[in-house]
Structures are given as structure tokens and as C-alpha cells.
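A quick write-up on the structure given underneath.
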Amino acid sequence: MRYPWFRLAIFIVGCLFPVWWLYEAAMNLLGPDPGKIMMDRLGLGALTFLLVTLSMTPLQKLTGWSGWIVVRRQLGLWVFAYIVLHILCYLFFILGLDWGQLAVELRKRPYIIVGALGFLGLLVLAVTSNRYSQRRLGARWKKLHRLVYAVLGLGLLHFLWIVRSDLREWAIYAFIGAVLMVLRIPAVARALPKVAR
């Protein structure tokens, strides 16, 4: 296994935040609605991990270090893990497993549908993030995994729809996402190694 310490560091960071938030909830440090706080934090954590994942390719081009690419799949799976936990928090703490209420929520809060579409995209990416799928799909695998850009757009839209008024935090995430997209424009991507010199 290449770069085991780097992989271990990412694993520790990925585990650390949910464990810490659980501790805060157990100690009554998250206020009167800890379930919602945890749900929100997990959603932002997933978006953060997604942006970090998308930064791996530009970082590799800038530095020439292959370690960034090696951990990209691991980071992507953490995005999926955080989103699954985000959804579970919603189902248990917000919805109370009241499936009849779900239809009402979808009508009242269409941003949930946007989030669900993003989750489906992540599910496809997570299921196919393995060597078997790469061999099976061949050239189509790369095309399929461009779905991550749509997932980012859906995630940002979901976030924007929720915050509505105070857009400062959202704007930071959107700006970073926009920069990462610009760095993928072929002419810009080709120039990155030259900038590193």
C-alpha cells in the first residue's frame, strides 16, 4: 500500500469529527436540537470532503506528488459516508422515521429532492469506485465519474436553498468549487505544471 501514513491521517480525520460531535451531543453541548446540529455539520462535512477530493488532481499537477491522487478515492468514500450519516440524522432526528411525513416534507422543502439527487449521484460513484468497475467500464468509467461535477452543483444548490439569507458561508464553498472547476479547463490544467516550475 502506497503512502500508508497519509491514508491513515485521512482515516483519523474522517472519523474524528463525527466522534467528536457525538461526544458533544452526549455532553449536551449542541443546544436544544442536537440532531439538527449534527445533520447540518455532517452535510457541511460532506461538502468539504467533496471539495478536498476535487482539489487532489490540481494539487498533483502543481506539485508532481502522486500521493494526492492515491488518496482521492478514499476521500470520495468519506464524502459518501458523511452523506449517509447526514441522511440518517434527517430520517431519525428530523423525520422521526415518520414515512408519511416524508411526502409532506418533499412538497414543502424541494431542496430535499435536490439533496436526494446528489445522494443518488454519489451512490453511483461510490459503487463504481473500484478496480473491477474501472476494468468493466473501460473508457466509460472516466465519463461516468464526471458525475462528481453535477453532484457538486447539486450540493451547492441544496446548501443555497437552505441558507437563503446569510450567504457568506455558502459563497466561500461556491467560490472554492468555482476555482476547482476553472482549474479543470483543459488550457488551465495544462498550464498548472508550468506554474509549479
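Residue numbering: from 1, along the chain as shown.
Any Cβ shown, glycine's included, is placed from N, Cα and C.
In Swiss-Prot this protein carries:
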TRANSMEM  10-30  transmembrane segment
TRANSMEM  42-62  transmembrane segment
TRANSMEM  75-95  transmembrane segment
TRANSMEM  110-130  transmembrane segment
TRANSMEM  147-167  transmembrane segment
TRANSMEM  169-189  transmembrane segment
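Using the rule of three or more Cβ pairs under 8 Å, pairs at least 6 apart in sequence, the transmembrane segment (147-167) is not in contact with the transmembrane segment (10-30).
The stretch from 10-30, 110-130, 169-189 that makes the most Cβ contacts under 8 Å with the transmembrane segment (42-62) is 169-189.
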